[in-house]
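Enquirer: This is the feature table in TrEMBL:
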{"type": "DOMAIN", "residues": "A:23-50", "note": "domain 'C2H2-type'"}
{"type": "DOMAIN", "residues": "A:51-79", "note": "domain 'C2H2-type'"}
{"type": "DOMAIN", "residues": "A:80-107", "note": "domain 'C2H2-type'"}
{"type": "DOMAIN", "residues": "A:108-135", "note": "domain 'C2H2-type'"}
{"type": "DOMAIN", "residues": "A:136-164", "note": "domain 'C2H2-type'"}
{"type": "DOMAIN", "residues": "A:166-194", "note": "domain 'C2H2-type'"}
{"type": "DOMAIN", "residues": "A:196-223", "note": "domain 'C2H2-type'"}
{"type": "DOMAIN", "residues": "A:224-251", "note": "domain 'C2H2-type'"}
{"type": "DOMAIN", "residues": "A:252-275", "note": "domain 'C2H2-type'"}
Amino acid sequence: MYTSSRISSFNRHMKIHTAEKPHMCHLCLKAFRTVTLLRNHVNTHTGTRPYKCGDCDMAFVTSGELVRHRRYKHTHEKPFKCSMCKYASVEASKLKRHIRSHTGERPFQCLLCSYASKDTYKLKRHMRTHSGEKPYECHVCHARFTQSGTMKIHILQKHSENVPKYQCPHCDTIIARKSDLRVHLSNLHTYKAMEMKCHYCSSVFHERYALIQHQKTHKNEKRFKCEHCSYACKQERHMTVHIRTHTGEKPFTCLSCNKCFRQKQLLNVHFKKYHDTNFIPTVYECPKCGKGFSRWAPY
DNA sequence: GCGCACACCGCCCTCTGCTGGTTCAAT
DNA sequence: AATTGAACCAGCAGAGGGCGGTGTGCGC
């Protein structure tokens, strides 16, 4: 309900409830309620911006726009202060919007899902997830995106030189995105209460990166050492075979001639060579004299 | 009644950061 | 060959900056 102490203000207000628009633009025939609105409109045709900023090249149609611009860009005066945090804004509407981040109020409800936003723009942006609209197109590869920021990152990462990289402060890893570095730090360099055991020894770690680095030290380690000689190897199955050279054990017997072998592979080679009638031995020919050999032993 | 100053609404933009699917190299 | 896990990548939402436009209070 509008009330006013002045009849002139009341009459002006009442005009907004009528379709009466007596002031017409002579350039586009659009009509306006007041002379001021018409003048501002005509200025958009003529490019007239009477209110010029003294500190930059910007100019505005109304004085209010100039004042606000100067606050944003030059004086940084922010009269609207949040009572719950340090936030302050140039405009009251911005403070109102900010307050919603404290209260959690979400007045703008999506009609197609449960999402609700704190301002109209976010709801409008959200609606693209339902419509499938992708208004932003990469000028290089023509890929399309729902948000301009996503496209900007795409162009930067895919089509630009001198792409910014993020160096992990704890290791040599360089990562393309700041948010991915955060994931890297969380996964590899964050203390975990649960103990992580080394696959090869009894060591335990609380940080995944330390565990991985430690396990690399085992990589070329010959962990299996012979009790009877200096032989050492990486795999247990190799040691099992080696031990037979000390015990004399030869568990693989040829069924055709009863000859015994320490390794199954040696038995297989023996059988093919001496008992398999279809066996055709590979002959390696010398490229210089043409002489044939049964094994390849380059020069 | 006019015009200035200010309040207010709305629109669009950027920056930021999280998330989950994909890719690819190491095991 | 299958599995694993770290980096890559696009999608999406939160927060805030900046400006266009309109309505209102009030001095002249």
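The backbone N, Cα and C atoms fix where each Cβ goes, and this holds for glycine too.
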Enquirer: Using DSSP, tally how many residues of the domain 'C2H2-type' (A:166-194) sit in helix, strand and coil.
Expert: 11 helix, 4 strand, 14 coil
Enquirer: For the domain 'C2H2-type' (A:108-135), what are the DSSP-based totals of helix, strand and coil residues?
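Expert: For that range the per-state counts are 12 helix, 4 strand, 12 coil.
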Enquirer: Where DSSP helix means H, G or I and strand means E or B, what are the helix, strand and coil counts for the domain 'C2H2-type' (A:51-79)?
Expert: 13 helix, 4 strand, 12 coil
Enquirer: Summarise the domain 'C2H2-type' (A:80-107) by DSSP state, stating how many residues are helix, strand and coil.
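Expert: Reading the DSSP string over the domain 'C2H2-type' (A:80-107) gives 12 helix, 4 strand, 12 coil.
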